[in-house]
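Enquirer: After the structure tokens below, expect a handful of questions from me.
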Amino acid sequence: MEMELEPELEEELGVSLDELRKWIEEQVDSSEAVQKRKADLEQLQEWVEQREKEVADIDALCSNASESVVQCEALVKEVYSNMGLVYRESSSDDEGGKANPSEVIEIDDDDDDDVIAVGCLVPPKKSLTQAKDPALKEASAALQRTSQQVQNLAQTVNRTAQSGVTTPVKTGGPPGQGPLAVPAVFMSSAPRNTPTQPNPNIKQDSIKINMTLLGKKRTKTWHRGTLVAIKQVGNNLKYKVRFENKGKSLLSGNHVAFEYHPTLERLFVGARVVARYKDGNQVWLYAGVVAEMPNSKNRMRFLIFFDDGYASYVGLPELYPICRPLKKTWEDIEDASCRDFIEEYITSYPNRPMVLLKPGQIIKTEWEGTWWKSRVEEVDGSLVKMLFLDDKRSEWIYRGSTRLEPMFNLKMNTANSQEKKMAGQQRQRPNMGALRTKGPVVQYTSDNSAAASTGGGAATPGTPTRPVAPQPAGPPQPSRTESPSFKSQMAKKSTGQLALQPRQGMPSDLQPKPIINALQTNTSRLFLLQSGPVHTLTPITPAPQTVQTAISTYTNERVPQEPSYQAPNDRLFYLTHNCSPECLKRIRPTRPNLHRGRNPLLTPLLYEFRRMTGRRRLNRKMSFHVIYKSPCGLSLRNMTEIQRYLFQTQCDFIFLEMFCLDPYVLVDRRFQPQRPFYFIRDITSGREDIPLSCVNEIDNTPPPSVAYSKERIPEDGVYINTSADFLVGCDCTDGCRDKSKCSCHQLTLQATGCTPGGQINPNAGYHYKRLDECLPTGIYECNKRCRCNMQMCTNRLVQHGLQVRLQLFKTQNKGWGIRCLDDIAKGSFVCIYAGKILTDDFADKEGLEMGDEYFANLDHIESVENFKEGYESEAHCSDSEGSGVDMSRVKLPASSRHGKSNKMEERNSSTTGKSQDDSSEESDDEKDDDSNEDDSDSSDDTFVKDTYYTTSSVWRSYTTRRQAKGLKEESQDSKDGMSVSAGEDRKPPHMPEETGKSKVASWLTNQSSTSANQSVKVEGGIKTEKKDVMTLSDSDDVQTISSGSDDNKEREKKTQAVVKRQVAVKSTRGIALKSHSMMVKSGGGGAGGGGSGPSHGHGGGGGDNGPKNTRLFFDGEESCYIIDAKLEGNLGRYLNHSCSPNLFVQNVFVDTHDLRFPWVAFFASKRIRAGTELTWDYNYEVGSVEGKELLCCCGSTECRGRLLQIIKTEWEGTWW
């Protein structure tokens, strides 16, 4: 039929079927829907091809990743074996593959010893979108597993050794799925036990006959040998070793070592090992003690203290474990000085005082009993490379060695302080001068593991941390808890009441009132502010209608915004004229405090002065210079011209301290707090001339309730005579610009004659209303008896009160602090320290009852007298023309150890005869061989304090072995130098010339003549010998000293009553004296040109010939007064501590010239940027407060780590 219809259709339609089919296809192709569908299909095809290519790439990546993981595993195994770690392989099934994946990774931060919790995104078990291609799905799953395994491997490798056994994060997928099921990696390290004790779970390796060991020879070096026999000698086993280089020895278990390298699990601080020491091309094996475990700071090396005094870093392949070490490993060290040091080091670990040094610093270093000028070449972990400038010889020294001058000073100062405490001459309070010298400081470091075990980084002393999130519904809780024993050792600073309480001294209408309780779930940051000077900013929720109304009314109110200063654009021209008051007549204000509350450095600009900064390029260096232009067009290029202009125009509303020529101090840089939770416009309630605002950007905790007072308040028993009849006044009419004619300036200048050298400084005092550095002898300002103009006088600064704009703010981890709102120029006056003035006895009682965290010592008299004493006491480290100072006659005062034999005798006896330990060498043919070896390789005097400082013993860290022969030859001279008897004449020999070296030698001779057995006078004129024997009572509060005779029983009772106080007081002296005061005799003998008096009040009048303490002239007073700002004071109480402070303390006499009652003022020691916290150095003396320990977390690069440290003292072989 079709064949029949085709001709009919073709005839009827007039077209053939092929043509019709072709036409239909053309019409379909021309349709938009069909074309769109076709394009989609083409694009889909391209996507499929691209996906196939990606799958191929992923397969290649997976293959490469699998190979990389295998290579990484091999490298990790090699690293583990080199480091002594145990590498174990286990699949996810062995470790519980069905366990939930971990969501938190603990990272041990080596920099600040904090444990940070980092949230880890766990991969989902199932993909959100199912892939259509099975190959693509499998490749994606394999890639996901591989990336997770690589992450686990990186996490395991980066974990430090102290973090214990590391368990990798489990993947979300089922265990063992896919071709890349790589076993997990585990790091097994020493458990977190006591860092100075061995792991009790590890058994000792057995010692068998014919095994290869290392044995100790008579030359103190260790050599390889074979164990030939084990003998029972008494209750101990002896091991007979035949050395490879001929010879036999019968040795004890602590004098033989295994030949293999130990694992990390077997090592700890204090472990006895044999290590290789390299000196050029020579290599020896010596016994030593592990002082540091590997960590990132020492580049994964072990610090070894060798028995002969060396200190060196070695790797694990260079260590060999001692077979049977003693329980107290330091008892195996023959040298007594080194043994004592190691014992003290291990017992006090991980607290290690070390000198903070930087390359290029110049310090004094001891070598062969003489102090030499040396330069820091390189610092490597706990070691420092010192270059002796005289002979260009370099040497590596442990940074905690007393061969370094700062450490020597610290040890001597601690010993002297303990002696004075025992003798009742010094109260147990720290000396906390406000400024330390710029030289190296002693830093207290802690081991990472020990720090981690305490729960993270410690907060700054005296300030418990607060939660970051606001909690107005209840009292905030500390975010970190501390044990009671830890709290009892901390001198905590008060961070305020937990709840809002009425503020003392404030009217009831100014009390901060919480308006509405905040909900913790509220994420919006809306604030409701109370009108008035005091505001409580509280996040609120837009719930009730009444609250909505309040929000709409007060939402736009924030912390007051200060209008910005706009410099005028018009040019200012100068016409020649003589400046007079008419130049400022146009701008002279009707009231002098028109711009009070603004930045004082901006005030001249507000009165139409111009401050312009010019620059010039000289020798490719850009320099800047600030020029002021007066309203009359006169250019003022320096402070002299500015001062002259102010006096010519009689300007009494703009003052000299309001001008600054430092181009880096910006006068219009304002600091604005970031959306605080709590804000107070002025916490002083108008008592200060400048408002002191308060903000809390952390939570809504208010500041502590303290009665504000900008003046000092004498308490009962304190009388300050401020009568003008007892003041010295001047008659200046030139604003006291001429210091030679001003009586008050002359008081300041003449006082500088009390400094070392006795020379008067003609430039002392204020320099254009600024003080660049501390003046230890104090500044005498003009007073009410002077006839000079109070506003124009250049010698009136502190008495004008607060001028800079400051703000009280809540810090993250230091409680409340003070920061500046504007830039502060160097030398500018900031504020004073005010509070109640207490007597010493009353301060002791109140400090024990209420706390001593806000005590400050008015010790100006002691500061100046100690400063004068320090001239001779620190002469041995002065930069004189002599290359060094002989310390062969210096002796540690009041040493608690007796009967110690001479070190050279010990050295000779240890090298010439048989060893005195339990090791004995047989008389075999090895004697001839041993006798040819260097017998001088005996113990040098190292690491430790010593009773006498001979040529061979000065608390040294280590000495070079090449010095042994020289020391041995000088041994007889050292013995002669130490044989000074107590009955000899104590006067120094006559010196023909008083050169730098002769003065030092004279002083050292005086020191050596004061032996441990001193003659003291008793009733009846009979002299008895006093033996210094320290007796420690069972109580932690009392530490006494007994003379060993019945004659001093009464004195012992007095001592117990004095030294039991444990009050920490800040010192208000402006400088930190070098720790050499212990070198000055504290007794009554006043021979030679050395000390000028005792360093504290109780020391005065100790002998008939000694100079009398100045304080004794004030009705026999013996102790200084205390400023207590705990309950009543000014903003100075909030200034925190820093080891790199930006403020220094200066004693200023304003209303009285009584040396006991200076004003305590703070000045800027450097340029301070707006928004920077203001800090000063409390300068606590380590070990000065018994039973107290304060950690420092100031964050400075020069942080010393400790403010107060419990110091251990050796007595009868035990550390207390």
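Note that Cβ sites are derived from N, Cα and C of the backbone, with glycine treated the same way.
Remember, predicted model here, so these are calculated numbers, not experimental data.
In case it's useful when we look at the structure, here is the feature table from Swiss-Prot:
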type: COMPBIAS; residues: 467-478; note: compositional bias 'Pro residues'
type: COMPBIAS; residues: 482-498; note: compositional bias 'Polar residues'
type: DOMAIN; residues: 728-801; note: domain 'Pre-SET'
type: BINDING; residues: Cys730, Cys732, Cys736, Cys742; note: Zn(2+) 1 binding site
type: BINDING; residues: Cys736, Cys782, Cys788, Cys793; note: Zn(2+) 3 binding site
type: DOMAIN; residues: 804-1179; note: domain 'SET'
type: BINDING; residues: Lys814, Gly815, Trp816, Asp852, Tyr854, Arg1133, Asn1136, His1137; note: S-adenosyl-L-methionine binding site
type: COMPBIAS; residues: 918-940; note: compositional bias 'Acidic residues'
type: COMPBIAS; residues: 966-976; note: compositional bias 'Basic and acidic residues'
type: COMPBIAS; residues: 983-997; note: compositional bias 'Basic and acidic residues'
type: COMPBIAS; residues: 1003-1016; note: compositional bias 'Polar residues'
type: COMPBIAS; residues: 1020-1029; note: compositional bias 'Basic and acidic residues'
type: COMPBIAS; residues: 1046-1055; note: compositional bias 'Basic and acidic residues'
type: COMPBIAS; residues: 1082-1105; note: compositional bias 'Gly residues'
type: BINDING; residues: Cys1139, Cys1192, Cys1194, Cys1199; note: Zn(2+) 4 binding site
type: DOMAIN; residues: 1188-1204; note: domain 'Post-SET'
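Help me see these features in their spatial surroundings.
Expert: Annotation note: Cys732 (Zn(2+) 1 binding site) sits in a coil segment as assigned by DSSP.
Sequence-distant contacts (6 or more apart, same chain, Cβ under 8 Å) of Cys736 (Zn(2+) 1 binding site) comprise Cys730, Cys742, Cys744, His745, Cys782, Cys786, Cys788, Cys793, Thr794, Asn795.
Averaged over the domain 'SET' (804-1179), the predicted model reaches a pLDDT of 59.
For the recorded site, Asp852 (S-adenosyl-L-methionine binding site), the DSSP three-state label reads coil. With a 10 A radius on its CB, Asp852 (S-adenosyl-L-methionine binding site) counts 24 other CB atoms from all the protein chains.
Summarising the environment of Cys1199 (Zn(2+) 4 binding site), the number of other Cβ atoms within 10 Å of its Cβ, over all protein chains shown, is 18.
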Enquirer: Specify the count of other C-beta atoms within 10 Å of the C-beta of Cys788 (Zn(2+) 3 binding site).
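Expert: Other Cβ atoms within 10 Å of Cys788 (Zn(2+) 3 binding site): 23.
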Enquirer: Please report the DSSP secondary structure of His1137 (S-adenosyl-L-methionine binding site), reduced to three states.
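Expert: Note: His1137 (S-adenosyl-L-methionine binding site) is in a strand by DSSP.
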Enquirer: Counting other Cβ atoms within 10 Å, pick out the least crowded of the binding-site residues Trp816, Tyr854.
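Expert: Each of the binding-site residues Trp816, Tyr854 was scored by Cβ atoms within 10 Å; lowest is Trp816.
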Enquirer: Measuring Cα to Cα, tell me the gap between Cys1192 (Zn(2+) 4 binding site) and His1137 (S-adenosyl-L-methionine binding site) in whole angstrom.
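Expert: Taking the Cα atoms only, Cys1192 (Zn(2+) 4 binding site) lies 8 Å from His1137 (S-adenosyl-L-methionine binding site).
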Enquirer: Within 10 Å of each Cβ, count the other Cβ atoms and name the one among the binding-site residues Cys730, Cys732, Cys742 with the highest count.
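Expert: Of the binding-site residues Cys730, Cys732, Cys742, the most buried by Cβ count within 10 Å is Cys742.
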Enquirer: What is the separation, in Å, between the Cα atoms of His1137 (S-adenosyl-L-methionine binding site) and Cys1194 (Zn(2+) 4 binding site)?
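Expert: Each residue's Cα considered, His1137 (S-adenosyl-L-methionine binding site) and Cys1194 (Zn(2+) 4 binding site) end up 7 Å apart.
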Enquirer: When you rank Cys732, Gly815, Asp852, Tyr854, Asn1136 by Cα distance to Cys1199 (Zn(2+) 4 binding site), which of the binding-site residues ends up on top as the closest?
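Expert: Out of the listed candidates, the nearest Cα belongs to Asn1136.
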Enquirer: By DSSP assignment, list the helix, strand and coil residue numbers for the domain 'Post-SET' (1188-1204), in that order.
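Expert: Across the domain 'Post-SET' (1188-1204), the residues distribute as 0 helix, 5 strand, 12 coil.
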Enquirer: Can you check what DSSP calls Trp816 (S-adenosyl-L-methionine binding site), collapsed to helix, strand or coil?
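Expert: The residue in question, Trp816 (S-adenosyl-L-methionine binding site), is strand (DSSP, three-state).
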Enquirer: Radius 10 Å, atoms counted are CB only; among the binding-site residues Cys782, Cys793, Cys1139, Cys1192, Cys1194, which position scores highest?
Expert: Cys782
Enquirer: Tally every other Cβ atom lying within 10 Å of the Cβ atom of Gly815 (S-adenosyl-L-methionine binding site).
Expert: 25
